[in-house]
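Colleague: Provided herewith is a single structure, encoded as structure tokens, for subsequent inquiry.
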Amino acid sequence: MAIATSTQLARALYDNTAESPQELSFRRGDVLRVLQREGAGGLDGWCLCSLHGQQGIVPANRVKLLPAGPAPKPSLSPASPAQPGSPYPAPDHSNEDQEVYVVPPPARPCPTSGPPAGPCPPSPDLIYKIPRASGTQLAAPRDALEVYDVPPTALRVPSSGPYDCPASFSHPLTRVAPQPPGEDDAPYDVPLTPKPPAELEPDLEWEGGREPGPPIYAAPSNLKRASALLNLYEAPEELLADGEGGGTDEGIYDVPLLGPEAPPSPEPPGALASHDQDTLAQLLARSPPPPHRPRLPSAESLSRRPLPALPVPEAPSPSPVPSPAPGRKGSIQDRPLPPPPPRLPGYGGPKVEGDPEGREMEDDPAGHHNEYEGIPMAEEYDYVHLKGMDKAQGSRPPDQACTGDPELPERGMPAPQEALSPGEPLVVSTGDLQLLYFYAGQCQSHYSALQAAVAALMSSTQANQPPRLFVPHSKRVVVAAHRLVFVGDTLGRLAASAPLRAQVRAAGTALGQALRATVLAVKGAALGYPSSPAIQEMVQCVTELAGQALQFTTLLTSLAP
């Protein structure tokens, strides 16, 4: 090797996990031999160190250089004869002058074979805190592996690593005295002695041929020595899978495998996510399209759906007033008008002569489905039908024309022809007739709901109920009246005939003003309860609102013969 040996030692300040094959793994308190200091050979921030016979780079900020002691004698290189099967060489007794091994004097004359003498076990016990029985196991070659035990805080048993040091440098590092004289010639790397790098090769070869010699710390993948002691620290999984990996010391350091030998994932998370997305896309592409979702019946369909455009008749309109239909633009008018609802017996009269389009629309058997049919307007809010409601509505003249429709209530509307002012009859175009037919039926349902809500509110007021009971009834009144106002506003914008727009806007404006007054009166009655004048004002406003709603509904009914 071209690297010159060094006597500089460094102590590990933190645990380190190797992230590359060139990096060493160590734990806090380990003593490493510095081969090249930081900055030497282009290693900025790294030191080239040796630990347990392994060389690698070490982060310079995780180790601390120890003060250099006096150079030891070169007698450590040729070690004393080693006993066969014993992994720990015994350096010469001339090492007593070194400052690295702070060991009491009785530890030196400890015998190397056979049962130890009396003064030998007490000294190692005070230094390494090992069981007393381990001092008597130096005779057998396999039992010699348990001589170098570490403090109980580390809970580890030494292995065949040539550099077996305690976990903390605060403890004395010398345990070479009890070694038999016949051990291997591989010296410890801990003493401050220059050792030729050529002497490390036979040491590694001698270790490779011996089975019970795994290192204590995590070893790279190139040194695969299976033993139960590998589980004490972080070890690669392929080493733990060997047959000898089931010792009693397994799981002492139960930490995740963070080293470079962690088993790679068969597929990265990003690839898994992309694979799942591709699979989902294929399933969606093969699946049939979802069935058409039917529209739910809702009384608010007029406000939720865009209004269609009025069809422009091919024949000129008989109305003398110019039609502004071609000038109306926008998304609301760009869609065809839905087919009109079925004619009511009372409202269905002979169509305007010369109107072929309306007749074709009625006679067309393949017409589009009317999405506005079957909407139960009067029953949406689940009004409470009180007993006195039928009597109050029975006094009003029933509309004989409405009896043919089972969906419309039998409360009845007044005769529609009575609301028309005397004069020349209004000429309505085909598109306006379709709008009137559609919204006239809607107004009948809205007015029926308004009647039920007004009857419930009047009954609650007569019973002198608190606001928490009559305010919900007033909300239903406001909602039903607001739908009528919306119908008037829509007809005022979409009607092609100017006289028709004027009449509808006038009736809708009066209804909106009555609705605004009713809302203010209900708020005043709720805040001033139990004030009789406030209740009376609310009753008057509700009565006026009901009258305006009746006039508006009658107007639309009369305009759609």
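Numbers run from 1 along the shown chain.
Placed from the backbone N, Cα and C atoms, the Cβ positions cover glycine too.
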Colleague: Looking at the ranges 11-17, 270-276, 305-311, which is given as motif 'SH3-binding' in Swiss-Prot?
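Modeller: Range annotated as motif 'SH3-binding' by Swiss-Prot: 305-311.
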Colleague: Among the residue ranges 69-75, 181-187, 335-341, 391-397, I'd like the one that Swiss-Prot describes as motif 'SH3-binding'.
Modeller: 335-341
Colleague: Average the pLDDT scores across the domain 'SH3' (5-68) and report the rounded value.
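Modeller: Its mean pLDDT is 84.
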Colleague: In the domain 'SH3' (5-68), how many residues does DSSP call helix, how many strand, and how many coil?
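Modeller: In the domain 'SH3' (5-68), the DSSP-based counts are 6 helix, 28 strand, 30 coil.
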